[in-house]
2 protein chains.
Amino acid sequence: MPELAQAESLDFDLIIIGGGSGNSIIGRDLSHLTIALIDDGEHFGGTCLNAGCIPTKMFVHVADVAADALRSDGLGLRVPTAQVDWAAIRDRVFGRIDQLSEAGFRNRDQKIPNVTVFRERFHFVDQHELVGASGVRLRAPRIVIAAGSRPRPLPAAEGVRNPAIHDSDSIMRIEQLPASMVIVGGGAVAAEFAHVFSAYGVQVTQVVRAENALDRLDSDIAERFTELARARWRVVTGASVASIDEDLRITLDSGERFSTDLVLSAIGRIPNSDTLGLGDAGFDVHSDGRLVVDAEQRALAGGTPVDGIYGLGDVSSEWQLKHVANHEARVVKHNLLQPHDLIGGDPGPIPAAIFSSPQVAYFGLTEAEAPDAVVATRAYGTTAWGWALEDTTSFCKLVVDGETGMILGAHLIGPEASILIQVLVFAASHGIPVTGLARSMYWPHPAASEVVENALLDAEKLVVQKRHAEQINGGEKP
Amino acid sequence: MPELAQAESLDFDLIIIGGGSGNSIIGRDLSHLTIALIDDGEHFGGTCLNAGCIPTKMFVHVADVAADALRSDGLGLRVPTAQVDWAAIRDRVFGRIDQLSEAGFRNRDQKIPNVTVFRERFHFVDQHELVGASGVRLRAPRIVIAAGSRPRPLPAAEGVRNPAIHDSDSIMRIEQLPASMVIVGGGAVAAEFAHVFSAYGVQVTQVVRAENALDRLDSDIAERFTELARARWRVVTGASVASIDEDLRITLDSGERFSTDLVLSAIGRIPNSDTLGLGDAGFDVHSDGRLVVDAEQRALAGGTPVDGIYGLGDVSSEWQLKHVANHEARVVKHNLLQPHDLIGGDPGPIPAAIFSSPQVAYFGLTEAEAPDAVVATRAYGTTAWGWALEDTTSFCKLVVDGETGMILGAHLIGPEASILIQVLVFAASHGIPVTGLARSMYWPHPAASEVVENALLDAEKLVVQKRHAEQINGGEKP
């Protein structure tokens, strides 16, 4: 970054706000543009790389190995409890991640001549101009707003001074494992960290506002997940944290009180639109603060697309998912380069995976959201691989349109759910109905995928039965 | 089974030879037929259930857990070496399997009035008549030959009397683990058992005739597998067993000599066509002994289908795979019930999975078999999940028609290869080219399936480049 005089004003062809998915737009095909890249994060490169998908999955893999070993008793193995070297685990993760972050920064800052990187906070002063904390002003006809999101602070912890109150960013870099931990929240982030830290030997208590953890998912999945979580850590449901004092004594709204060594807040994320001053600059924002964009990812102001301004990722998307942000980045890149041939929209239903133990993966409608659909639920335990695992709790649930046979929703809980779902994503994205699908290809026996094959066969049967019943009913009508 | 007078002759509507995939044909829709079901196996129900897919995968899962724990050191976990309780592992497997076998027998023998089970060896006396070891004769206008296969005996062990010389049937029921074991063979069965027993702590030596283990697969896969196997057990390649003496002193054709505590022969399987006397009864047999069938699974005699006689599974198929036998059983069932509307043929390419460590899965052409194809190879280690696993050895290789973009072959080695391949089977079976495929759907980040997504993108690029180059070359031609 060049030295800049205070209040210097710089013009670029393109400003990209965010070093994560926005940054991925930069490439040779943009080498004709002068680009300002803004990333004010402590670590360059966005949430996925530094504090999200990537490091959490490295922690999860270690937890999976430890948890599998713990569960091995019934199999005829006696694996003594793993000794967990937290510092080694953490340093393995960040030894790699921080290098990648640093290399990503150097690449953009030093190796690409048309890119200037700014490592400070900016806010909009008008729709094509931003001012930084140092006073520098940046102007461009095209701006990509990909500023991401940040962990939502825990209201009960506001003003409480204790360094053992963490969010999902800071928790991964703690000095040592606590003996006990309270995780506040019932979503994916809470589910993953509860798995990780309980597998590492921490006494975890999860405080969930809803009736079940993963309450926004299909209720069978949420119930099963909560039941299995309870076998590994304490889950207090229907509860909120009323207060936390500086010694980490926690009071729930039920009146229950307990102490803990560490608090992890995992109650969701808020879009980084407020600090950008998007609303003040006239951009439309949703009630939750997200920038409003249209199907072509164009930022709206007064309901109308603002010329050259795009949004993508957590700052604008209702899906806080890296694969969605990546897709949006590809859309934005195309639309930046070919503004007279805009593209947009999703290639198909949006899957999500939760890398807890068990894994969960899903897309589309839940059973409750599709009351007219047919629903097929197939247990892993009915397949050979499920037998091998001695699995009695995992399943694949399909929500299918009884008329068309289209998969409206898929919900898996169990080993490798994050991979098993892909065939279903494929079928739903290509508009291929369940009727005939399982038998249209071979499924290697006895792979885990047979649970999907059998769920498809079950769903097909239900669709055929429903059609048959409707023909009969139709025929009986006067 | 009813008591039968010597040389009694019985007529049935249908004879099914084989309690495995053939047995699966029986159901309500055949309740109008009198059926003789022949299974002369020690355990009723065929190879997959009793000595193949199902029990081996139960052993493999335990081995996976033990091997993962052993590999965990670099992750920051210290998992002490698992104590392996062989008797507990074995009894867990056969406590379940033998019950299933027994229940399967009782179901057919006692609960289905139109089925009579015969537990003795039979051979054909003419194309519609069989005679059993007890002298009983069975006749039927329709016969399903699904007699399966059995382990090929090791020539060097012929006549050697030592109960520690095993095949893949007997090895699973041994009393206790040996300290050392020689596994003869380089195929899937050898690869799986070498993983299992080395993970259980046995000193394994694998003797492979070819240059690499899994030598029939794509050479990159075979080489990588062999290299990784060598890190876990001894692999002697380019070698055959010249002799074994009664104290299990082994001499290789190279002259190398060593002793072992147990020998496992895993040099392939031979079809159970010889004991049935198929050739003598006039049926066509391949040079390897398999019954010749046409695309509709009809047995041939003199090149012509024999009315009402079908073959399926290992006795006739060049694929010794349960999912192929299951498909053939569905074809045969349809053709039995609707002889004037015959169906047949494969729904798509035939995948196979090898549940060793690493896993291997593949279908279609190898790179060597498709010299004109474009080939994309993508390492797991280039994806987020690969990072989490610290994986440096696993990959997904696609062999793709450069003109049409169709997947001609797919070859995976690494964790969950047996599941990851399914999306590729889907695409190939539905005739969906790689061009546009990866971007036609979402792939949840950071799931293991991203290695397939990226391999598809790589292949797509190569296809586009090839088309582009051919356009240029085509344009330059006079």
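Here the Cβ of each residue, glycine as well, is placed from N, Cα and C on the backbone.
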Site-mate of B:G185, B:G186, B:G187, B:A188, B:V189, B:A190, B:A191, B:E192 for NAD(+) in TrEMBL, selected among B:G132, B:G135, B:G255, B:G268: B:G268
Show, in sequence order, which residues other than B:G185, B:G186, B:G187, B:A188, B:V189, B:A190, B:A191, B:E192, B:G268 on the same chain lie with their Cβ within 8 Å of the centre of the Cβ atoms of the NAD(+) site. B:F193, B:A213, B:L214, B:A266
What Cα-Cα separation, expressed in whole Å, is found between B:A191 (NAD(+) binding site) and B:C48 (disulfide bond)? 17
Long-range same-chain neighbours of B:H445 (active site, proton acceptor), Cβ under 8 Å, sequence gap at least 6? B:A384
Out of the binding-site residues B:G185, B:G187, B:V189, B:G268, B:D314, ones whose Cβ falls under 8 Å of a chain A Cβ are none
What is the number of other Cβ atoms found within 10 Å of the Cβ of B:C48 (disulfide bond)? 24
Tally of residues which DSSP labels helix, strand or coil - the domain 'Pyridine nucleotide-disulphide oxidoreductase dimerisation' (B:350-455): 29 helix, 27 strand, 50 coil
Cα-Cα separation of B:C53 (disulfide bond) and B:V189 (NAD(+) binding site), in Å? 10
Using only C-alpha positions, which one of B:G185, B:G187, B:V189, B:G268 is spatially nearest B:K57 (FAD binding site)? These are the binding-site residues in the record. B:V189
Which of B:G185, B:G187, B:G268 (the binding-site residues) has the most other Cβ atoms within 10 Å? B:G185
Rounded to an integer, what is the Cα-Cα distance in Å between B:D314 (FAD binding site) and B:V189 (NAD(+) binding site)? 15
Return the residues near B:V189 (NAD(+) binding site), defined as same-chain residues 6+ apart in sequence whose C-beta is under 8 angstroms from its C-beta, sorted by sequence, else 'none'. B:S168, B:A266
